[in-house]
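**Q** Found this in TrEMBL, in case it helps:
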- 105: active site, nucleophile (ACT_SITE)
- 109: active site, proton donor (ACT_SITE)
- 17-211: domain 'GH16' (DOMAIN)
- 1-20: signal peptide (SIGNAL)
């Protein structure tokens with residue numbers, strides 16, 4: 001067993017199993033777009049999103065939330081291509097809003113399927129550009145793995161299979177999400193002018209992404225007033241969740257040293273104030 005695999009098992013003991021686990025798609029989500037590219041099994045336990053030249057597909061949480069532990073199991077398409085984006089994310093954007101407009105968003109995104117690289121990004125009522133990209137120690141097309149975003153009034157933590165890979169702390173020196181967000185997942189191909197995801201090999205279409213284990217734990221916030229969601233009666237606002245333990249920090253440090261391939265904080269043109277605090 002690899003060192004990271006061993007650390008993942010140890011770290012799992014520090015996480016709480018909650019009532020949000022193993023719920024069906026219908027308990028939390030609804031279809032969003034891509035009518036005939038969206039497939040759900042009769043039990044509501046797995047969704048397939050298909051992307052071809054005509055369309056992609058996506059789904060979204062029935063409610064908006066402020067703070068919580070948001071997770072899903074995901075398996076990206078197994079046919080090789082660049083360009084196709086498979087994602088799980090939180091966003092403050094509603095229907096028919098300009099996708100380029102300033103907004104809050106927390107992303108897990110795969111660009112293409114030709115390697116095992118995943119990108120995280122953070123939008124703070126702006127256009128984002130806080131990318132950090134990572135190699136994975138597994139092939140994300142072979143099996144389901146858990147992608148999790150912990151968001152509370154103190155930090156944002158990105159984890160994969162209980163391994164923390166990135167933390168964004170709240171400080172008075174930087175913006176922070178202060179509005180409710182939807183939970184969304186999608187597969188799509190960017191417009192031609194977006195050259196950085198690479199070209200799509202349409203000969204291998206359709207590309208199918210799989211999602212399961214739809215339950216998450218969060219504070220419903222259907223209006224802009226999220227005062228109630230700061231309450232410490234929610235476990236994710238308690239001490240063990242508002243800071244990383246020494247063990248979590250060591251696991252994250254090991255992962256980042258071995259697998260991180262890009263960090264906006266290392267680029268003078270994209271570095272921001274929070275880079276002095278991230279991942280400490």
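Each Cβ is built from the backbone N, Cα and C atoms, and glycine gets one as well.
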**Q** Across the whole of the domain 'GH16' (17-211), what does the mean pLDDT come to? Round it, please.
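**A** When the pLDDT values over the domain 'GH16' (17-211) are averaged, the result is 90.
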**Q** Neighbour count first, Cβ atoms within 10 Å, every protein chain included; then name which of 105, 109 tops the list of active-site residues.
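**A** The most densely surrounded of these active-site residues is 105.
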